[in-house]
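Listed features, source TrEMBL:
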BINDING   Cys8, Cys22, Cys25, Cys31  [4Fe-4S] cluster 1 binding site
BINDING   Gly62, Lys63, Gly64, Gly65, Val66, Gly67, Lys68, Ser69  ATP binding site
BINDING   Cys235, Cys238  [4Fe-4S] cluster 2 binding site
DOMAIN    54-210  domain 'AAA+ ATPase'
Amino acid sequence: MEEVPHDCPGADSAQAGRGASCQGCPNQRLCASGAGAAADPAIEEIKEKMKTVKHKILVLSGKGGVGKSTFSAHLAHGLAEDENTQVALLDIDICGPSIPKIMGLEGEQVHQSGSGWSPVFLEDNLGVMSVGFLLSSPDDAVIWRGPKKNGMIKQFLRDVDWGEVDYLIVDTPPGTSDEHLSVVQYLATAHIDGVVIITTPQEVSLQDVRKEISFCHKVKLPIIGVVENMSGFICPKCQRESQIFPPTTGGAEAMCQDLKIPLLGKVPLDPRIGKSCDKGQSFLVEAPDSPATVAYRSIIQRIQEFCSQRLPEGENLVGS
């Protein structure tokens, strides 16, 4: 379908092709015929593909720069420390793929096999896929409209040969846009365990997290909990804590109490986190005694506990 009006009623609406906003739309005849409401056959193909994946976790954030990809990477590192746990990390931040850099896989290429695309393996039990592996240079800009982004996400979910996987972690772009709707729609019948939402203590970040939470409620996505990144700085010499980003409205803790959502934990600032990401190394291994590592490990354990309690079939999601 071509570009649609901002106030489009949607192809599956009773007003599709008939509403006032449909006048002049290039898709009007298609929507009015009912053809636009037909289910995408890829949904069933993806459901079949995902039968080998036990747990699926989305990592979201309202704002960019709050440490979402850093958290996704360290969640993958932490889970993969158990060599009997198979972990897959999927980067669907199409326009800003940072996972290859953070995981130390920049410059790697994706290979095609008879069973689909092969992920890039950091360890025998940790596979990674990102649009960054498809670019000729990490400096190349991806300038795509929504439909092309959606097509790429569909390919990642349908055509990547993950094999038997215990955890699939999906690192998403900030906000609630095409990519989020696509991944929810395509995994609608494949059971998403839940989402982890990343924020920082400031109200300017929390404001967008509330929108993210509203999005999750609307599409019936279970919320595992919220992680507050950059939550103070603990001096390595005197062990005193300073609030670099003061939680002027109570931070994530007050918001979670207000909205009755679990706060999974608070990760304090540690300059070594950024250094580890730039070097493509696991901060959990580089700084095992850091208060931030202790916080990460506690959060990862809580996520594992949540997933272990999930029923095989989850709630119906939007698009199912």
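Just so you know, glycine gets a Cβ as well, placed from its N, Cα and C.
Feature map: annotations from TrEMBL on the structure.
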residue: Cys25; record: [4Fe-4S] cluster 1 binding site; CB count, 10 Å: 18
residue: Cys31; record: [4Fe-4S] cluster 1 binding site; CB count, 10 Å: 25
residue: Gly62; record: ATP binding site; CB count, 10 Å: 24
residue: Gly64; record: ATP binding site; CB count, 10 Å: 13
residue: Val66; record: ATP binding site; CB count, 10 Å: 23
residue: Gly67; record: ATP binding site; CB count, 10 Å: 22
residue: Lys68; record: ATP binding site; CB count, 10 Å: 26
residue: Ser69; record: ATP binding site; CB count, 10 Å: 29
residue: Cys235; record: [4Fe-4S] cluster 2 binding site; CB count, 10 Å: 9
residue: Cys238; record: [4Fe-4S] cluster 2 binding site; CB count, 10 Å: 7
Given the recorded ATP site (Gly62, Lys63, Gly64, Gly65, Val66, Gly67, Lys68, Ser69), which additional residues of the same chain have their Cβ within 8 Å of the Cβ centre, ordered by sequence?
Ser61, Pro174, Ile198, Thr200, Ser205, Asn229
Given the binding-site residues Cys25, Cys235, Cys238, which one's Cα is the least distant from that of Gly65 (ATP binding site)?
Cys235
Spatially closest candidate among Cys22, Cys25, Cys31, Cys235, Cys238, the listed binding-site residues, to Val66 (ATP binding site) (Cα to Cα):
Cys235
Minimum Cα separation from Gly67 (ATP binding site), reported as the residue among binding-site residues Cys22, Cys25, Cys31, Cys235, Cys238 that achieves it:
Cys235
What is the total of other Cβ atoms whose distance to the Cβ of Gly65 (ATP binding site) is within 10 Å?
12
At the Cα level, what's the spacing in Å between Lys68 (ATP binding site) and Cys25 ([4Fe-4S] cluster 1 binding site), rounded?
37
